[in-house]
Amino acid sequence: MGGNSTTWMNTAILVTCMRNFRKNRGPVSGIMKGYVGLSTAIFTDVCSALFSNDPSTFLLMLMIVPFAVCLTAIVFLREIPPSSNSDEEKEETRYFGIVNVIAVVIAVYLLAFDVSGEHGRLFSQLFAYVLLFLLASPLAIPVFIMLKNFLRFSFDDSLLDLEKEPLLEKKTGAAAAAGITAKEVVVAKGEETARPPVIGEDHTIIEAVKTVDFWILFVSFLCGVGTGLAVMNNLGQMGLALGYVDVSIFVSLTSIWGFFGRILSGSVSEYFIKRGGTPRPVWNAASQIVMAFGYIMMAMALPGSLYIGSIVVGVCYGIRLAVTVPTASELFGLKYYGLIYNILILNLPLGSFLFSGLLAGLLYDAQATKTAGGGNTCIGAHCYRLVFVVMAIACVVGFGLDVLLAIRTKPLYNKIYLSRKSKKAAAASGAQ
């Protein structure tokens, strides 16, 4: 039930925000996915600080807080008209920049608290209250916008006298009838020459799965998130195999750097689309090849390689999640985006099963020795070496697919870039 509810919440929030902020899909994805990555640390640290690690209170908090937040979101979460001109887009981008900065501050704040060791009760409570304040601080942005709009509309209303007659009268009679007839003819012709949608237009799920681009994105996503989940699911066992007693630091590194990968890749990929029409799959390709080098380093079991590998996997996994979300919306449209997105993230359980359950499990068992208790264990660099090599090969395959997708979608991103550029030029000339 918990897993099912998470999917519903994720879909409703992500799809609505994608439609509301179409000119900033990258930052939206980065922020949403980034906070998902931080949520475990946030709930754990707040509970331990305020309730002294009381399990029953922690479960009660998990029951009440998400439910209360969802009830509140019902009132405010709705589709609104997207930004329609250059000024609105700049303002929107500026506000997203502020939210990104706040998110990074929260992540660094959590990291500093977690790595600084044991804390007294008073210090922990102070930490929790400051954290809650930071989490609530983005609410200042919509409050500020609401007050600004209220003052502007009040000022505009004071300047209005009486409603003036329109300069042009509404067309009636034969002219209007002729316009309707022409529109009907155009629609009829469109129906007669119906064609499947091209990349960049709205696709149904059936139309999407019939395209080559969907399956390129699907398989490359599987290679990235599947191998990343295999490392995260087995990180503790990998650390023990390499002789580390405390493996919690590797889990923390993967989590916190995964956040930075998500939050930065969303904004960076959006910036380069606006700057020169760089296809978003380029960043997926970069993350795949870097992840492949990380796996090779972990396979070599050099001193400190697991630390570096944990950071690399965290960053690249975060990039993969944050960049794929807006990429799918740009390729297949927003009309049926909720369903298409959920088909794509089937790669999360599928990748975990293939790379973690089958690949890592079977190859580890083949290297392990039986123990007296009936289980098996493996100590040494050889335990996961073949697993890392196979996952590196999978990432190279994913890299090739992402490069291919970037080439195939370059015309689409050029079109997006030129469209935004022409709108900015028109707005600048209109202002003059």
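Cβ atoms here come from the backbone N, Cα and C positions, even for glycine.
Per DSSP, the secondary structure of the domain 'Nodulin-like' (1-143) breaks down as 124 helix, 0 strand, 19 coil. The feature domain 'Nodulin-like' is assigned by TrEMBL to 1-143.
The transmembrane segment feature in TrEMBL is assigned to 32-51 (among others).
The transmembrane segment annotation in TrEMBL covers 57-77 (among others).
If you look up TrEMBL, you'll see 97-115 (among others) marked as transmembrane segment.
Residues 42, 45-46, 49-50, 95, 98-99, 102, 105-106, 109-110, 113, 119 of the same chain sit 6 or more residues outside the transmembrane segment (127-147) yet have a Cβ under 8 Å from a Cβ within it. Here TrEMBL flags 127-147 (among others) as transmembrane segment.
The domain 'NFD4 C-terminal' feature in TrEMBL is assigned to 208-413.
Counting only same-chain residues 6+ beyond the ends of the transmembrane segment (214-232), those with a CB under 8 A from a CB of the stretch are 208, 238, 251, 254, 281, 284, 287-288, 291, 295, 309-310, 313, 316-317, 320-321, 324, 327-328, 331-332, 343-344, 347-348, 350-352, 354-356, 359-360, 387, 391, 394-395, 397-398, 401-402, 404-405, 408. Residues or ranges marked as transmembrane segment in TrEMBL: 214-232 (among others).
Positions annotated as transmembrane segment by TrEMBL: 238-260 (among others). Cβ atoms under 8 Å from those of the transmembrane segment (238-260) belong to residues 34, 37-38, 40-41, 103-104, 107, 110-111, 114-115, 231-232, 298, 301, 306-307, 310-311, 313-315, 317-318, 378-381, 383-384 of the same chain, restricted to positions at least 6 beyond its ends.
Among residues of the same chain six or more beyond the transmembrane segment (306-327), those with a C-beta under 8 A of the stretch's C-beta atoms are 14, 18, 25-26, 28-30, 32-34, 37, 217, 221, 224-225, 228-229, 231-232, 235, 238-239, 242, 244, 249-250, 253-263, 265-266, 269-270, 280-281, 283-284, 286-288, 290-291, 293-295, 297-298, 341, 344. Among the features that TrEMBL reports, transmembrane segment is placed at 306-327 (among others).
Marked as transmembrane segment by TrEMBL: 339-364 (among others).
The transmembrane segment annotation in TrEMBL covers 384-407 (among others).
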Checklist entry - Hey, which bits of the same chain come close to the transmembrane segment (384-407), Cβ under 8 Å, at least six residues off its ends? => result 213, 216-217, 219-224, 226-227, 230-231, 234, 238, 241, 279, 281-282, 284-285, 288-289, 291-293, 295-296, 298-299, 301, 355, 359-360, 363-364
Checklist entry - Which of 57-77, 97-115, 339-364 has the most Cβ pairs closer than 8 Å to the transmembrane segment (32-51)? => result 97-115
Item to check | Average pLDDT across the domain 'Nodulin-like' (1-143), rounded to a whole number | outcome: 84
